[in-house]
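Structure first, then comments.
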Amino acid sequence: MSVRKSSHLHLLLIVGIIAISFSAIFVKWSEAPASIIAMYRLLLTNLVLLPWAFAYRAEWRAVRSKDWLRMGMSGLFLAIHFLLWMESLRHTTVASSTMILSLEPILVMLGSFWLFKQRTTPAALAGIVIAIFGVLLIGWGDLRLSGQALYGDLLSVLGTVAVVVHMLLGQDLRQRISSYVYNFTVFFVAGAVLALYNIGAGFPMTGYPSREWLLFLLMALIPTVLGHMLFNWLLKYVSATSISMSVLGEPVGASLLAWILLGEMMTALQASACVLLIAGVWIFLQYDKPREADAPAAEASLSPK
C-alpha cells in the first residue's frame, strides 16, 4: 500500500471516529422521545440504502426462511439496543453511557465462548477484568452523583447486552448473507418494531419541529453513513482489529464533544474509569486472537450506536 493511500485511509478512519462520536450529541440535542429518534434514524438510513436494493434482487429471493427469521430477531434486538441506549442518555452523561457501550467487543467474546466455544488468551482475559473494573468505577461514581445517573448506566449496560445479541445473530448470518441485504433488512425490522412501540406508547409520529427532523436526518447520515457504513467499507483495505481500535475513539470523542457542545465536564473519577475501561478493551482487542473461521463476522460486529 502506498504512503499516500495509507494516509487517505487514516484520514477516513478519523472522519469515521468523529462521525460516530456525534451520535450521543444528537440524541442529547433532540427533545423527541428516544424511541422516535431511533425509529427515524433507522428508517431514514434505509431510504439512503434503498437505491441499491434492486441490484440485490437475486440474493433477496435466495434468502432461506430460517434466515429471514434470524434477521428478524437481530432487528428486534437492535431496536431494543437503540431504545435502551438512547434513553440512557436522558439520565446519565455522554461519557458514562458511551464508555459502557465500549464493552461491546468483550461481551461479544463472552457470548461467542458460550455459544461457539471460542476461546481467548490469558492477556485478553486480563483486559476484560480491567475493563469491567472500569465500568464498576463508573457506576460507583455515578451512584455518588445521583440514583438517576446510575439508572442511566444500567440502561446503557442493558442496551450493550442487546446489541451483543444482535451481533451474535449477525455473526452467523453474515457467513452467507451480504452486508447490504443484512443491514437493510435488520434496519427495516428494527424501525418497524420501534414504530409499533411508539404507537403503543402513544408517542406522536409526526408534528415535530423542523429542528427535530434535521436531527433525525443527521443521525442517519453522520454516525450511520459517515461512521459505521464507512468503517464497513474500510474493512476492504484495513484490518478488522484496526477498525475496532478506532471505534474505541468514540467514548473519547463523544466526551470531548459533550464538554464543548453540552458543557458536560468529566469528574476525576470518570476520567480514571475511562482510562481503565479503554485500556482494558484495548488490551483485549490487542491480544484476543479469533479463529480464522470467525473472520467474516468482523463486518457484522461494527453495529451502529
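Just so you know, glycine gets a Cβ as well, placed from its N, Cα and C.
According to TrEMBL, the features are:
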DOMAIN    11-139  domain 'EamA'
TRANSMEM  12-30  transmembrane segment
TRANSMEM  36-56  transmembrane segment
TRANSMEM  68-86  transmembrane segment
TRANSMEM  98-116  transmembrane segment
TRANSMEM  123-143  transmembrane segment
TRANSMEM  149-169  transmembrane segment
DOMAIN    151-284  domain 'EamA'
TRANSMEM  181-201  transmembrane segment
TRANSMEM  213-235  transmembrane segment
TRANSMEM  242-262  transmembrane segment
TRANSMEM  268-285  transmembrane segment
Point to revise | the transmembrane segment (36-56) vs the transmembrane segment (181-201): 3 or more CB pairs under 8 Å | key: yes
Exercise for review: Using a Cβ cut-off of under 8 Å, list the residues of the same chain at least 6 residues beyond the transmembrane segment (98-116) that approach it.
Suggested key: 24, 85, 124, 127-128, 131-132, 134-135, 138, 153, 156-157, 159-161, 163-165, 167-168, 171, 244, 247-248, 250-251, 254-255, 273-274, 277-278, 280-281, 284-285, 288, 290, 294, 301, 303, 305
Revision key, fill the gap. Secondary structure split (DSSP) over the domain 'EamA' (151-284) reads 110 helix, 0 strand, 24 coil
Revision key, fill the gap. Same-chain residues at least 6 beyond the ends of the transmembrane segment (68-86) with a Cβ under 8 Å from one of its Cβ atoms are 27, 34-35, 37-38, 41-42, 97, 101, 155-156, 158-160, 162-163, 165-166, 169-170, 172-173, 177, 182, 185-194, 197, 303, 305
